[in-house]
Amino acid sequence: MEFNQHITVLLNETIELLNIKPDGIYVDCTFGRGGHSQLILKKLSKKGKLICLDQDQEAINFANNLFKNNTNVIVIKTNFKNLKSALSAHKIFYVDGFIFDLGLSSPQLDDPKRGFSYHKNAWLDMRMDQSQNLNAHYIVNNYSFAKLVSIFKRYGEIKYPKIIADAIVKERSIKEINTTLELVEIIKKYSPKKNLFEKKHPARLFFQAIRIEVNDELNILEKAFNDAISMLNPLGVVAIISFHSLEDKIVKKVFNNYAKIKLPKEVPINNYVNKYSLLNQKIMPSTQELNDNNRSRSSILRGLIRNY
């Protein structure tokens with residue numbers, strides 16, 4: 001894969017789930033490099049509207065350049081935790097479809113200076129919004145042993161968090177840990193030997209945990225999903241692509257809260273239609289997509305529709 005090339009995951013499946021209305025209003029909450037947005041725009045009439053959100057300035061620059069002559073598109077630099085206020089500022093209060101693609105874009109992963117990858121040497125950064133203060137370098141070099149253990153357990157579901165947390169504290173007391181590959185070497189050096197021979201990289205879950213902490217990823221999901229659902233027009237859809245079990249658990253929890261309401265005994269079931277329904281249990285990449293794009297391997301798509 002070339003540097004900065006990005007292949008959108010579950011592209012056609014997501015657009016099919018949204019069932020685009022030509023005159024509708026659609027929000028791509030995680031623009032990235034605009035794979036979903038560009039396909040939505042092709043299906044919109046001149047009356048339709050597309051709103052693109054991203055907190056990454058490079059993504060915003062890309063979107064502004066891509067859509068500079070298109071009056072159907074509004075580009076907003078913000079975290080999707082600000083979804084409601086960002087849309088209301090543009091007098092948008094109801095929407096026909098939302099997309100959340102929770103994965104990192106390939107340009108973010110492949111750009112060494114962003115510090116997301118455990119395969120490339122870079123300064124420990126991992127900020128999606130590069131204007132914020134907290135970064136991976138601060139976490140690795142300043143968080144206490146107990147706090148490191150906590151984020152490794154909560155955000156990485158790691159079975160031996162104390163071993164690596166202790167190793168980080170020990171190594172940084174000798175020399176500051178500055179780069180991604182320095183951290184990788186510490187993880188490899190102190191990990192149980194059996195973990196070094198697993199298919200997945202031994203640093204993968206530690207990097208995931210630190211990245212989630214840097215960007216406060218999980219804490220903002222539930223609010224953003226609820227905000228999106230509250231703004232749906234009748235027959236509007238929220239489509240969410242998650243990339244690990246922690247994200248998917250939150251998606252399922254929120255969707256089930258709306259779609260699986262327990263009725264009082266006195267309400268006849270035959271006369272009741274829930275306001276919201278699940279569109280699917282889950283959609284996963286086809287064998288062809290997995291072959292074409294290895295980064296799609298852990299993705300899961302779920303959808304919720306407002307019935308009336």
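Yeah, the Cβs are placed from backbone N, Cα and C, and that goes for glycine too.
Gly35 (S-adenosyl-L-methionine binding site) falls within a helix when secondary structure is assigned with DSSP. Every protein chain shown contributes to the tally, and the Cβ of Gly35 (S-adenosyl-L-methionine binding site) ends up with 20 other Cβ atoms within 10 Å. The S-adenosyl-L-methionine binding site annotation in Swiss-Prot covers Gly34, Gly35, His36, Asp54, Phe80, Asp101, Gln108 and rests on sequence analysis.
Counting Cβ atoms from all protein chains shown, Asp54 (S-adenosyl-L-methionine binding site) has 27 others lying within 10 Å of its own Cβ.
Around Gly34 (S-adenosyl-L-methionine binding site), the same-chain residues at least 6 positions away in sequence with a Cβ under 8 Å from its Cβ are Asp28, Cys52, Phe62, Ala63, Leu66. Sequence-distant neighbours of Phe80 (S-adenosyl-L-methionine binding site) (same chain, 6+ residues apart, CB-CB distance under 8 A): Cys29, Thr30, Leu53, Gln55, Phe100, Ile220, Ala224.
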